[in-house]
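Enquirer: Let me give you the structure first, and then I'll get to my questions.
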Amino acid sequence: MSRYVIGRIGQAVLVLWAAFTVSFGLLQALPGDAILIKFLNPELGLGPEQIADIRTSYGADSPLVVQYVHTAINFLTGNFGYSIHAGVPVGDLIVANLPPTLWLSTLGFLLSLVFAITLAALSALSPFAWLRAFIQSIPALFISTPVFWLGILLIQIFSFQLRLVPIINPGPWQALILPVLTLAVPISAPLAQILMRNIDHVLTEPFVAVARAKGASHRWVLWKHVAKNAVLPTLTIGGILFGELLAGAVVTEAVFGLNGLGGLTQRSVNDQDIAVLQAIVVFSAAAFVVINLTVDLLYPIFDPRLKVRQGVVA
Amino acid sequence: MFNIRRFRKTAGLAVLLGGTLLAGASGWGAAQAAGSDEKPARGGTLVYLEQQSHTNLYPPAGGFYPNGGILNQITDKLTYQNPKTLEIEPWIAESWTVNADATEYTFKIRKGVTFSDGTPLDAAAVAKNYDTFGRGNKDLKLPVSEVINNYDCSEVIDHQTVKFYFKKPSPGFLQGTSVIGSGLVSPKTLALPYEALGDATKIIGSGPFMVANETLGRELTLKVRADYSWGPAKLEHQGRAYLDEIKYIITPEDSVRIGALLAGQADIIRQIQAYDEKQVEDEGYLIYAPSTRGVNNSIVFRPDNPLVADIRVRRALLHATNADEIVSTLFSTNYPKATSIIAKTASGYVDLSSKLSYDIEKAKQLLDKAGWKLGSNGRRQKDGQILELSAYESLPQPQNKETLQLVAQQWEKVGVKLNVLTADSGSAVVNNLDPAKAPVSPAMVGRADPDVIKSQYYPTNRNVLLQKGGNGDKVQSFVDERLNALLDQLASEPDRSKRLAVASEVQNYVVDQAYAIPIFEEPQAFAAAPYVKGVSFEAVGRPSFYNTWLAPRR
């Protein structure tokens, strides 16, 4: 077991290093850089010599290897540098933007699970074929709903027309209601789809027929035999969907004017604020690694067969 | 890459569709306009929705509107430019003297002024500010302010008197002391490196409000300074500001800002597009569109590119551009058609509308004469080359992409192709410095002094024409010595009437050379609820809430 865990941690470090290096290379390859974008901005009206001075003071024109090593050492010591665009330490930006994103994506993900399970259950229990077909087509509708449209529509209805939740100056929970709803809809779609397909698939397995033959009711079979087996692939997809959450958060945050990593990423990409982007890439890679590790460790709980195999490996 | 602006526009449309369905549910009618003889009420919080979060708040970076909107409340300036008369009036400086050739300025500083950290705002503090703005500070990476030309040094004569010396005449300096980029900050703020100044709580000014707290990128709260008693001397209102608090909330989405304003969740919003104005006014809300009084929203050429090196081609395109159509199709009456390269309300303005006529026949003739003949595909050609130009849209300018696309349609009528390009900031910045890639470019800048023309065209300033010797290393050879000489003269002519004459000459020259096609006078558009009274704007359109108060809502 310990060798397994050490191996996983080693992998994680490797993934983080690769993410750091690749993003560093890609960001350097882009035309222009943050200093150019910030200081060539006509609002400042700086001359070429002044810009050259600023570039020297930031070490922007030193060799790539030097910059790479410098940045890497700084990261290892927890110094993420300064955002050239915002004029604050990157650490401050992450601290200001990470918690709202975590809340938004965690709640969004939980709500999407609720949606997905509800839809799957309704479809599995529905007595009519036409109703089943209808419910099974809902995920397609959900996934093709543009997030920004949905967000704005929800704001228009619930905040501006019905005046149920304020968008400006909301309380901490009020602030999350509409964005979480907006984010959950598209995320729930693939989850619901996978869950439904797996339920259908598992229902055709021989052990279900055996259970039925022993006199188990449809409901009993669904809850006791099918659900557990159908949830595994959903879990895998759930881990992967974390990336979607971050992407969906860009739009949700823009529409609702929320602080968050999504919006920060979008702004930083646009301004080529490399220090911020590097930090975000490393943080996101870390989050992915942790989530996927958690998913791997959760498997055996749902499927005892995996527990045995893992025991052998360790 | 995700384009936030395009997305917003689409979103607006989507809401329009959704909104029509919901219109029946909305019961709130037009608010009533209040009388003007009411007495200002003290207290309350003004909720201000801003489109973008502020960036670095080093005062010379105050030109960026989100920054200016904050700095204008928390900093005072040496002088106050009356937005109506454009005269320079006393503020932190009680009085001043200027020598005959505008190389020495002496300011008498008002007594008893303090920064919000308690440090006195005296001659030494003023000297420290201008030494930093005028020369920059390499160790702290603080750049030079663009409004201060030819600065040499300062001398503190006594506690309340400071003198500035210039290497060459600097007649624009007095007006430069009144602009948003010249806000006075505590010496403690100026001791911080540039990277630390994006944190609003570090910006210590002497203004009527001070920063109470900030959630980066989301929200900023300003609190009134109860002991403030040094507003611009000629203003009727003296003493502390009426409001207790101003809350800035970043709301990037256009339709959410407008919706929140109309739903009573906000009091004033910045940036409202012309096509949304009617909706807001129909509800009884107010549109404020103060002029930016600077260089008009224009299209400029980069004559280093051989395609637009011929003056006849540039003139032809100037006459092929129908500014009336652009203004009436895309904008509103708040966006007056341009009649020179600078706004009517800018100082030094001359009316050049006779030179800016829309004349498609003349355009065709000029292109024929220049040797660009219509080919079978409807495009102008010469020596096997097609007259095809490109321009990058400028995100901060209102509906710039739409404007450029309409210009492209107009030029199409004389057989010239204009490609309107969109790129991420990085590529746009780099490519826009290359005359080969961007022979045409949108441009504008606001400032109420003729110096603004120099800022715009001079090679070592904004260099919009991309002359050699400026910030573009892709420029082959284009230099216009005559233009630069005129601009130098404009920035250093101490005699006011001679200076205005030079300003007129520059405007004529730029239009005669057809370096720029002026389109409209750009305002900054705000919308406010009818109970928000006494909203004022400094000379180039940044809001000032010193005078603002909240009447009871009805």
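The first residue you see is number 1, and the count goes up from there.
Each Cβ is built from the backbone N, Cα and C atoms, and glycine gets one as well.
Any TrEMBL annotation is an automated prediction that lacks curation.
The feature transmembrane segment is assigned by TrEMBL to A:12-30, A:107-131, A:138-160, A:172-192, A:230-256, A:276-299. If you look up TrEMBL, you'll see A:98-299 marked as domain 'ABC transmembrane type-1'.
Could you place these features in context, so I can see how deep they sit and what lies close by?
Expert: Using a Cβ-Cβ cut-off under 8 Å and counting only residues 6 or more beyond its ends in the same chain, the transmembrane segment (A:138-160) has close neighbours at 115, 119, 166-167, 178-179, 181-183, 185-186, 188-190, 192-193, 196, 248, 251-252, 254-256.
Long-range contacts of the transmembrane segment (A:172-192) within the same chain: residues 103-105, 107-109, 111-116, 119-120, 138-140, 142-143, 145, 147, 150-151, 154-155, 158-159, 165-166, 234, 237-238, 241, 244-245, 248-249, 252-253, 255-256, 258, each at least 6 residues beyond the stretch ends and with a Cβ under 8 Å from a Cβ of the stretch.
Under 8 Å from some Cβ of the transmembrane segment (A:230-256) lie the Cβ atoms of residues 101, 104-105, 108-109, 113, 116, 120, 147-148, 151-152, 155, 167, 175, 178-179, 182-183, 186-187, 190-191, 194-195, 198-199, 201-202, 262-263, 265-266, 284, 287-288, 291-292, 294-295, 298-299, 302-303, all in the same chain and six or more residues away from its ends.
Distant neighbours of the transmembrane segment (A:276-299): 8, 11-12, 15-16, 19-20, 23-24, 27, 71, 75, 80, 83, 85-86, 90-91, 93-94, 98, 232, 235-236, 238-239, 242-243, 246, 261, 264-265, 268-269, 306; these residues of the same chain sit at least 6 beyond its ends, with a Cβ under 8 Å from one of its Cβ atoms.
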Enquirer: Sort out the residues at least 6 away from either end of the transmembrane segment (A:107-131), same chain, that have Cβ-Cβ distances under 8 Å to it, and list them.
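Expert: Distant Cβ neighbours of the transmembrane segment (A:107-131) are 138-139, 142, 176, 179-181, 183-185, 187-188, 191-192, 195-196, 199, 218-219, 222, 226, 230, 234, 238, 241-242, 245, 248-249.
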